[in-house]
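Peer 1: Pasting a structure here, questions to come.
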Amino acid sequence: MARPKNVKHIFVTGGVISSLGKGILSASLGMLLKSRGLRVAIQKYDPYINVDPGTMSPYQHGEVYVTDDGAETDLDLGHYERFLDESTSQTSNLTMGRVYKSVIDKERNGDYLGATVQVVPHVIDEIKERMAEQAKNSNLDILITEIGGTIGDIESLPFLEAMRELKLDMGDGNLINIHLTYVPYIKAASELKTKPTQHSVKMLLGVGIQPDILVCRSEKQLSRDIKNKVGHFCNLNDLDVIGLSDCATIYEVPLMLLQEELDSRVLKKLGIKGYQEPALTYWRDFCNKVKFPQEGEITIGICGKYTEYPDAYKSILEAFVHAGASNNVRVNVKLLRAESAEEPTFDFAKELAGIHAILVAPGFGDRGIEGKIRYIQYAREQNIPFFGICLGMQCATIEFARNVCDLQDANSTEFNKRARFAIIDLMEHQKKVKEKGGTMRLGSYPCIITDGSKAHMAYQKFLVNERHRHRYEFNNSFRTLFEERGMLFSGTSPNGELIEIVEIKNHRWFVGVQFHPELKSRVQKVHPLFHSFVAAAKDYARGVQQMDMAIEMPSFMPILNEEGESKSE
């Protein structure tokens, strides 16, 4: 295959409604192109004025995805990494806030030589420079850029104008726009309606952009007649109208797009020839394992503070999909509201009936903390597999201090600055930090693992690198006491000072980690801790089933005489 001389650009936009899945579309297309032997990267442009999503509420933004180099980014970058098996970075997520900040800083430095600084040309030029810089500094064939928001949003206009100008600058065959729209199915009329898509394209034309390809989300498959109609009214060949109906799992999307020949249309429009056929055997096998698990199903409870909005735990949910497939089981998830467990009359046995493991999720602040601690206590005492991530690990050490080490006033200084026993305390280098945004311990750090621990059994190695996002750490003043009472500190920083992994020795599977393993789980590289946790939950479920079967068996066997008849007859 002849490599393109210049980096080719694909811009993905969305219309009609939000949350259509531009991130999944971008990731799926990137995976298909990579499987053909092309070098592909994906980036996300977000129109909000925040510099990054690090200080945004999970209820508004969902999960904050952390990269190896410490960027706090949009959750769509998680999809990019999981689908492409490629790491993203600081440059993979650009917000309008970062653009404006850069422009204002340049104005203060006198870089514009006294000019009146305006959206056109200064803001637009700043965006175009970022676009060109990402392509120039990468060893790429294709750069996919997802533009957040929906066509018609005021805040997206600078990104769209920059895309329009860049397409003119680069010339034909170097940049295409894929527009994702929605074709609603009206049940009363038993009909798919194309008018919203037509209006969305009209708005895109209004800012000077003719989409090159339309991808139409719908509940039902698009017929050839519908594609012809959409193409006719949107200035497109019907072959450039791609149908994308609902599917059982997001991991089927690449296979559906392959069937619709989206990748072939993209390569033709970009003038790329001689590419190989996509190798997707592993991907098909993975999808079959997700849809048709061979060893049944299990249920894992996720105890968290933001359970009303599952996107706050997006990477955890996807890691369970990967670990379920690697264990040949379906992992069902039940979201457990931490605050509910703080009620004195809360019935844990009833709430956790049918649950085979408990994960206590990350978070910030004191809301729901006592509920999390009670869930952890129940998991420890009932020998239920437990996994604590970041705040979940910190809560596990507080619970252990209170109920095993008899330190009844144990707490974290995040929740009680005057805690008598500060099991969790602010990291030393954080004590002088005043700003909130981008100031935590962020990114990938090494961790040394203890031989013979559950962590070592999972990883099968002594040195790992994991991603972090925290300000607080375990207080080493209590380390000796905890070890005497049965806790194993199985993972630490290389200097041994920062506790990364804790375990309870006499428990079937009780592990807490300071880092975020969910951020490194991928389709082709399930995270070892999630695989091990799901395996423990599967074993626990089998034990419960065997106990249930034993209970259902008769409690006595009749005594038979020599003729084989019951003596009681």
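Cβ atoms are placed via backbone N, Cα and C, with glycine included.
Features from Swiss-Prot:
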REGION    1-272  region 'Amidoligase domain'
BINDING   Ser18, Asp153, Ile154, Glu155, Lys193, Thr194, Lys195, Pro196, Thr197, Gln198, Lys229  CTP binding site
BINDING   Ser18, Lys193, Thr194, Lys195, Pro196, Thr197, Gln198, Lys229  UTP binding site
BINDING   Ser19, Leu20, Gly21, Lys22, Gly23, Ile24, Asp76  ATP binding site
BINDING   Tyr59, Gly363, Leu391, Gly392, Met393, Gln394, Glu414, Arg471  L-glutamine binding site
BINDING   Asp76, Glu146  Mg(2+) binding site
DOMAIN    299-543  domain 'Glutamine amidotransferase type-1'
ACT_SITE  Cys390  active site, nucleophile
ACT_SITE  His516  active site
ACT_SITE  Glu518  active site
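How buried are these features, and what lies next to them?
Peer 2: A helical conformation is recorded for Gln198 (UTP binding site) in the three-state DSSP classification. Every protein chain shown contributes to the tally, and the Cβ of Gln198 (UTP binding site) ends up with 15 other Cβ atoms within 10 Å.
Counting every protein chain shown, the number of other Cβ atoms lying within 10 Å of the Cβ of Lys193 (CTP binding site) is 15.
For Gly21 (ATP binding site), applying a Cβ distance below 8 Å and a minimum sequence separation of six or more within one chain yields Leu180, Arg217, Ile250, Val253. Taken residue by residue with DSSP, Gly21 (ATP binding site) is part of neither helix nor strand, so it is coil.
DSSP assigns Tyr59 (L-glutamine binding site) to a helix in the three-state reduction.
For Glu146 (Mg(2+) binding site), the Cβ neighbour count at a 10 Å cut-off comes to 28, with all displayed protein chains included.
Counting every protein chain shown, 23 other Cβ atoms lie within 10 Å of the Cβ of Cys390 (active site, nucleophile).
Under the DSSP three-state reduction, His516 (active site) is assigned to coil, being neither helix nor strand.
Taking the Cβ of Glu518 (active site) as reference, residues of its chain lying under 8 Å away and at least six apart in sequence are, in sequence order, Ser315, Ile316, Glu318, Ala319, Ile389, His527, Phe530.
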Peer 1: Sort out for me which one of Ser19, Thr194, Gln394 has the most neighbouring CB atoms within 10 A, since those are the binding-site residues we care about.
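Peer 2: For the binding-site residues Ser19, Thr194, Gln394, the Cβ with the most other Cβ atoms within 10 Å is Gln394.
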Peer 1: Distance between Lys193 (CTP binding site) and Leu391 (L-glutamine binding site) at the Cα atoms, whole Å?
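Peer 2: With the alpha carbons as reference points, the distance is 47 Å.
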Peer 1: Considering the binding-site residues Leu20, Ile24, Ile154, Met393, which residue's Cβ sits among the greatest number of other Cβ atoms within 10 Å?
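Peer 2: For the binding-site residues Leu20, Ile24, Ile154, Met393, the Cβ with the most other Cβ atoms within 10 Å is Met393.
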Peer 1: Counting all other Cβ atoms within 10 Å across every protein chain shown, which of the binding-site residues Asp76, Glu414 scores highest?
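Peer 2: Answer returned by the neighbour count: Asp76.
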Peer 1: Rounded to an integer, what is the Cα-Cα distance in Å between Arg471 (L-glutamine binding site) and Gly23 (ATP binding site)?
Peer 2: 30
Peer 1: Among the binding-site residues Gly23, Pro196, Gly363, Gly392, whose Cβ has the fewest other Cβ atoms within 10 Å?
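Peer 2: Looking at the binding-site residues Gly23, Pro196, Gly363, Gly392, the Cβ with the fewest others within 10 Å is that of Pro196.
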